[in-house]
Structure formats: structure tokens, C-alpha cells
Amino acid sequence: MMTGGTGGGGVHSMEDEMAVRQAELRASEAHVEALEAQLTEKSGALADSLAHLAKSQSRLSACKTQLTDCKAQLDVKELELTTLESKCNTLEAELKEKDDLIAKQDDTDRLLVDQERQLKQAASRFRDLEVQMRQQEQGMKEVQSKYTAEYSLRRELHEIVQELRGNIRVLCRVRPLKPAEYENGDESSIVYLPEECKLRLTKYNEGPFADMYQEFEFDHIFPETSSQEEVFAAVKPAVQSLIDGFNVCIFAYGQTGSGKTFTMEGVDDNRGVNYRALDYLFDVVGSFPPTVEADMEISMVEIYNETVRDLLAERPAADEKLQALDIKFSVKDNSGYVVGLEMRNIENMEQVEGVLAEGHSNRATASTRMNEHSSRSHAIVSVFLTVTNKLEKRRTVSKLHLIDLAGSERLSKSGCTSDDTRLKESQAINKSLSALAEVIASLQRRDKHIPYRNTKLTFFLQDSLGGKAKTLMFVNLSPHKTDVSESLSSLGESPPPFPSAGL
């Protein structure tokens, strides 16, 4: 048993170990104390941190509140900013517009300065023009005075010439033979012109009296080869008399088919007296000075069976006739006039052609042996010219009557003796032509009484046949031997006589 020795060593080991443990304990206690001191310190720091955190949280809450307020204020500010931006844009636009206006104003100012300069130049030029205008007005007055004096002198001289030639002039126009007349072998003409104003008409072409003839004298004779221009040259002085203020009548007289309508109307490419007279009239009127104004009106009537019809009136229905009009006498104008007559203003030849075409479409025609479309009425184209001299305060009114008379053939020649209507027409035509010849003969004899009222034709033309009026009568002749009797009748060898034609 080793219980005694071994026990003492063990105690020393335990004591040593206890001492070590105590030392470790004291170290641990010291360490604990240190840790407690640190814990106390940390607790204090933690308490401080918690206090600080509480303060921070309080401040954070306050900041959040402020942030919310700031966001609300920011929204308001953003709205205000948007409004301000809109206003700013508006102001910028207005500013740009004002800048543009200022630029325009600058341009306007520059333009105004330029215009003021031009205005000053214009004012200076205007003063110069006023001086020139006064000089020109004075010159115009002198020219107008000379023009008036020369016009009056020319008018007087023209009137003297016309009176010397005669206010009533009878002209003769011989038409060419027609192709159909050549085809029948009748190439010889029964008309011969031995002298300038003499016409010889062979009365018989066969048998023992083949060489018998009769001579007639006219103021002028147009042979078969005469042109429309040559014919109008003889008419032009009468148209000039119209411009001078005198009334004028131009007739075409003769049997149907003798060339009356061709003389007065012509064809589209070779116009006659009517168109040429009006064309010349427009030319002269167009050359008037500014102080002279001219107005023209036109009418167109026919006298059929002593009934007056307005060829320019509104056309009736197919089964109705043109309305018959009355002729009244004006004591003031000393002339006959048609009541309710349609008048058309004319300013150019295009209007004239339209009016004449309208009137011709309404004219009465009928077929006779003399001509398939023989005109059975007197067609009267009347032109009324008003000339106003503003400087002299003078106004003249004159008339031009262009008359295409109905065919003058006798009843037996026209083949109307068996037709009551055609017979009545021919009797009315011949009565009217005889009355016209008697009026002209009475005027040439200077009778005190002129039988104007015997027919509608002479009554209507009363103020354009006598006095200082000018009358031209074209006696139209056929050179064909089958028309010799009618040619002699037209020339005055048998009724109806025409004055100044026969020797």
C-alpha cells in the first residue's frame, strides 16, 4: 500500500492546480470586471445611442413631414412652373411677333420714307403735269375751235356739193347675166352704156324691130362688172351727211331677181350697202375727239300689205303672226314713227350682224315665177345716230333708212293673178311703189303738197325724204331679154314711173 507517500504529492499538485485555478479565476474576475466596466460603458453608450436614435427618429419623422410638405409644395411649384413655362412660351411668341412687327415696322418705315420721297417726286411731277395740262387744255380749246370751224366749213361745203348734185339722186345698177341664162344661149345683154351716165335698153331682140332701143339717164350707172366697193363709194357721201346731222334714205328698187338684195345686203364674203355703211359709220364715230360722244340704235321693220311689222319683236308662236303696229305723226319732230317699235343699241359690227340676221329670219317671203324666194315686203333697216358735242353743248339726231323694196314686177309677170293672197300682195307692192315714185317726183317739182300719207312706206319715211334730207335710189336692172318689159317698167317707160330715170 502506497497510501502515505503518494497522498502528499497529490495534495501539492492539487494545491498548485488550485492556485493556478485561483489565479485564473482572479484573472477571469478581473476580466469580468473589465468586461462589466466595458459593458457599463457600452450600456451608457448604447443609452446615448438610443437617445440619439430617438432624437434621430424624431428628426426623421419631422423630416418626413417636411418632405411631404415639400412634395406638396413641389407639386404646386411644378404646376406654377408649367404655367410659367406656358406664359413664357406665350411671351416668347409675343416677343417674336413683336420682333417681327418691329422688323416689319422697320421695313414699313423704310418703305414710308421711300414713298414719301416718291410722293414728293410725284407732287413735283404733278405740278409739272398741271402746268402741261393747262397748256394742253388751252391747246385743245384752240384745236377744238379750229376743228369746229373746219367741221362747220366741211359740213357746209359737203352740203353745197350734195345740193349741187341733188338731194335726190337716182343711180342704176345692172346685174350680170346668171349662169342659167348663159346655159340657155342668151349671152347677149339688152343693156348698153353709150356714155358714163346714159343707159340704152334694147326693146326688142327679134323681128323687124330688133334695133329699137330707148335711152335713160341717171346720176350714176354701175355696169355689170361693178363691185360692191364701187357701189359703196357712191353711197359714202350720203352716210357722211348722216354724220353731219341730216336724215338719209337709201333705196333698192326693181323687179324681183334684179339684184336689189345683193346691192343692199350682199353675201357673207362680199357685203352690200347696209353693212358697209354701218362699218364706215363706226369708223368715223370711233375717230371722234373725246369731247364728242355718239350713240347708235337700230330697228328693223317690214311693210307687208300696208301692215307694219316689227322684225325685232319677240317671235310669236308658230301659229301666230307678228303683231301689226301703227304709224303716228309727231308734230314736234315733223315725222312719222312706229308705236312700240323695238330699238337695239349697237356698238360694233358683230352686234349689227346679229340684229340683221334676226330681222331677216322674220321677213315675209313667198315663191313666185320671178324668184323662188321672192321678198313680198319692204324691209327697212333704220339707224338712229345721236351725236353730242360736250364742249359746245350741242346735240344732233339723224336717221339712216336702208330700204330693200319689194319686187316691182307686174301681176302678169309674177304669176300671181290666180292666187288671191299673192294677188293682194302684188297690188299692195305696186301701189306702194307708185306712191313712193309720186312723192319723189313731187319733191323734185317742189310741189306745195307732198302726198306722204298715201302709203305707210312714205308716211314712215316722211322726215327723211323731203327738206334737207338726202335720198339715193338704186334702180336695179336685169340685162336678160326676157326681162325687158319689167326693166322698161322700172326705168319709167310704163307704170309705175320713176322720176329722173327717163329722157
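Backbone N, Cα and C atoms are what each Cβ position is placed from, and that goes for glycine too.
Caution: TrEMBL annotation is automatic and unverified by curators.
Per TrEMBL, the features are as follows:
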type: BINDING; residues: GLY254, GLN255, THR256, GLY257, SER258, GLY259, LYS260, THR261; note: ATP binding site
type: COILED; residues: 67-146; note: coiled coil
type: DOMAIN; residues: 167-500; note: domain 'Kinesin motor'
- Note on the structure: All chains considered, the count of other Cβ atoms within 10 Å of the Cβ of LYS260 (ATP binding site) is 28
- Across the binding-site residues (GLN255, THR256, THR261), the Cβ with the fewest other Cβ atoms inside 10 Å is that of THR261
- When the number of other CB atoms within 10 A of each residue's CB is tallied over all shown chains, which of the binding-site residues GLY254, GLY257, GLY259 has the maximum? GLY254
- Find the average pLDDT over the coiled coil (67-146) in the predicted model and report it. 82
- Item | Number of Cβ atoms other than its own within 10 Å, given for SER258 (ATP binding site) | 30
